[in-house]
Amino acid sequence: MNWRALLLAFPYDSGPVYQETMAGRLPVEPFNTYSNILFLCIVIYYSLKVYKDYNNHRFLAWSIPVLFLGFIGGTVYHATRSHDIWMYMDWLPIVLLCLAVSVYYTIKLKMTRKSRTTLILVVLFLVFGIRMLPLPRGLETSIGYIATAIGLLLPLVTYFYTTKLHNWGYVLLAFLSFGFAIGFRILDGFYYIIPMGTHWLWHVFGALSVFFLIKYIYKDKLPVQQAGLEIKPNKPLKEEV
């Protein structure tokens with residue numbers, strides 16, 4: 001077996017070479033691998049809360065297994081860099097979850113059918129269409145994540161406004177965490193800051209962002225039940241025929 005040829009062909013997927021990537025060891029990217037454990041912690045934490053009240057949190061009940069799939073893909077991807085299937089399992093579940101959250105809150109908005117359809121089409125373009133454009137080399141994935149976040153932001157913030165900014169702290173923390181996360185993701189490919197690179201910090205702050213976003217979704221129905229608060233949404237507009 002030609003070991004030299006195998007090493008030169010490394011990594012064996014079409015993903016980028018991170019600052020921490022090193023052939024011949026397992027895990028290939030230790031910090032990038034172990035930082036994924038935070039997503040497993042989130043899955044366990046919210047599973048214990050959501051599945052005991054399944055009827056009130058069906059959206060999260062269906063979302064948590066998808067997040068777990070992303071944890072498996074991301075962990076194996078960074079640990080082995082062995083196949084494209086792990087790379088797609090790393091990022092595709094997150095993108096699909098962002099799309100699901102966008103559609104979920106778009107449906108909850110009180111708006112005309114035409115406006116709702118337009119918003120969903122805009123979200124679809126931001127989540128998938130942007131990735132098909134000729135983007136700067138080395139920044140394609142990061143730009144795709146930013147566009148996905150904007151696609152998530154549009155219906156969420158609109159819904160957030162209709163609830164009189166209730167639980168605003170969780171939304172703010174989610175997007176601040178994402179801002180730090182995407183910054184560290186971009187820095188890994190351009191600047192040497194620490195020996196293991198900064199991609200693992202993308203995982204850390206990304207996990208924080210996911211935690212706070214799920215917290216907002218989880219508490220979205222709880223204020224009326226637990227605190228006796230009444231949130232009056234905007235009056236529904238007349239549906240267009």
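Glycine residues also receive a Cβ, built from the backbone N, Cα and C atoms like all the rest.
Features as listed in TrEMBL:
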TRANSMEM  31-48  transmembrane segment
TRANSMEM  60-79  transmembrane segment
TRANSMEM  85-107  transmembrane segment
TRANSMEM  119-136  transmembrane segment
TRANSMEM  142-161  transmembrane segment
TRANSMEM  168-194  transmembrane segment
TRANSMEM  200-218  transmembrane segment
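Contact between the transmembrane segment (60-79) and the transmembrane segment (119-136) is absent: fewer than three CB pairs lie under 8 Å, with pairs separated by 6 or more positions in sequence. If you look at the transmembrane segment (31-48), the same-chain residues 6 or more away from its ends with a CB under 8 A from one of its CBs are 18, 20, 60, 64, 67-68, 70-71, 74-75, 78-79, 196-197, 199-201, 203-204, 207, 210-211, 214, 218. Residues of the same chain lying 6 or more positions beyond the ends of the transmembrane segment (200-218) and with a Cβ under 8 Å from any Cβ of it are 20, 31-32, 34-36, 38-39, 41-42, 46, 49-50, 57, 59-60, 63, 67, 74, 101, 167, 170-171, 173-175, 177-178, 180-182, 184-185, 188. Counting same-chain residues at least six beyond the ends of the transmembrane segment (85-107), those with a Cβ under 8 angstroms from any Cβ of the stretch are 13-15, 59, 63, 66-67, 69-70, 72-74, 76-78, 116, 119-120, 123-124, 127, 141, 144, 148-149, 151-152, 154-156, 158-159, 213, 217.
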